[in-house]
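Undergrad: Take this structure first; my questions come after.
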Amino acid sequence: MAQINPDYLTHIAAELPKHLDMEEFVAACHRPLRKSIRINTLKISIADFKQVMYSKGWEFEPIPWCKEGFWITHNENQQPGNCVEHIQGLFYIQEASSMLPPEALFNDLGTNETYQADIVLDVASAPGSKTTQLAALMNNQGLLIANEYSSSRVKILHANVQRMGVRQTALTHFDGKVFGEYLYEKFDAILLDAPCGGEGTVRKDVNALKNWQLDDVTDIAETQKQLIESAFLALKPGGALVYSTCTLSQIENQQICHYIQQQYPEAVKFASLNNLFAGAEQACTEEGFLHVWPQIFDSEGFFVAKIIKTASVPRLKKCPKQQRNFPFVSANPTQTIAVSEYFCQSFNISLPKQYNVMIRDDEYWLFPEQFSHFIGLMRFQRIGFKLADVMKKGFKAKHEAIIALSDFIENQDSVIELNRQQAIEFLMGRDIPTNEVNGLDITPAGEMIVSFHHKPLGVVKHLGHRLKNNLPRELVKDKIESV
Ligand SMILES: C[S@@+](CC[C@H](N)C(=O)[O-])C[C@H]1O[C@@H](n2cnc3c(N)ncnc32)[C@H](O)[C@@H]1O
């Protein structure tokens, strides 16, 4: 049972729209959330995923605002986060209302104000549910800069980006307030899923409203104002900014959007989300924002606003100096050919065209092409993905490259399909005896890819009688569901 501070109830009762009932609001806060997931279409089609999971007894109910999103029911003993399909990035466990902001960002809402969103910023990204959703909506094209302020959470963000097979990110680790200064008017689209009071999360965290205080709300609103202004400055004229939170108080929601409009009255237009999906009007405010109270769609509480920047606005700070000491250099044509041939000959993978091969010491990386415009503008933590290390005799592919390039495998000659038990063994870091793999030749064959559901799990070395496990240590699991 959720513990709700009485001060919160008084505060929020004054803000609840007239057509909603306070008792229903409180009852919804006490009800556990329905489980929901988003299928990762970068790796598997919706139909194929459903087919795979029907065999585990899953049932799917569509989420109206996200075609890849479903409420799921499954056997009580199952833990979706511990199944092979989750580890291999076929889906993301994501609350239904949290799928709204990326949908709102990429939907043109019938306004004819369509724009090509090639360069996108996610200001507050970790753990990465919306970053990976944005990447899927961008179909792994363009450039997605994903920022996170907390260093421990940057690691989780990176792990999720890797797991989901996202290729086109550059990760940064800054206070989001810096983007307006460093990357002024650089982005076609920006998501600011702001740090917030989390009032809407009470259905999964029964203590979320226990110690609620108005002072905390007003404090965080100051940060949110700075973040939205920074994001707005970083947006190109004509671009779209989605501001979202998982909280309900107007101070952190409507008032933040009105603040940015007051700052830039000539350049801010609110795009109405009334037609984002059938039924959206039930949550729509007079400004066109979605204020999702938990009882409306039986979800977490959420707030989503879409802001169009209709004109350029002046910089607030002068352009910072170029950063020196960028540690990567472009590969020359001979180096690019060498690493491309290695991937082709070893794994039948042809490296994709819209990327640049970059080198740092003995490491080869693949950067999204558009990243070249950002070199020297600020410091980046992790750009694109690491392809291979240079060894004494040639290259050694990185696990992350095999996962990220899975859709560039041209034929299955170097891929060994495992059964579920073998996939589990592999993910637990164990070698696999070759005589247990159907139809596998026992002649040693060097590096090969192992897959499950025909999606790569990683690399093994085929030594003849066993497949030596090359899964990176940090990815080895100690608990995986066996069904
Ligand atoms: C609501 S969560 C983001 C959830 C994420 N967008 C997702 O969908 O998985 C807000 C994030 O903002 C980060 N954060 C807090 N202060 C920040 C700041 N000043 N600049 C950027 N990020 C910040 C928090 O660490 C937290 O990870």
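Placed from the backbone N, Cα and C atoms, the Cβ positions cover glycine too.
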Undergrad: Which of these, Glu103, Glu148, Glu185, Glu199, does TrEMBL list as part of the S-adenosyl-L-methionine site with Ala124, Ser125, Ala126, Pro127, Gly128, Ser129, Lys130, Asp175, Asp193?
TA: Glu148
Undergrad: Using a Cβ-Cβ cut-off under 8 angstroms and a sequence gap of six or more, which residues of the chain neighbour Ala126 (S-adenosyl-L-methionine binding site)?
TA: Glu148, Ser150, Arg153, Val154, Ile156, Leu157
Undergrad: Distance check, please: Cα of Gly128 (S-adenosyl-L-methionine binding site) against Cα of Cys246 (active site, nucleophile), rounded to an integer number of angstrom.
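TA: Distance between the two Cα atoms comes out at 15 Å.
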Undergrad: For the S-adenosyl-L-methionine site made of Ala124, Ser125, Ala126, Pro127, Gly128, Ser129, Lys130, Glu148, Asp175, Asp193, how many Å separate the two farthest Cα atoms?
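TA: So the binding residues stretch over 19 Å, Cα to Cα.
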Undergrad: Quick one: give me the count of other CB atoms within 10 A of the CB of Asp175 (S-adenosyl-L-methionine binding site).
TA: 13
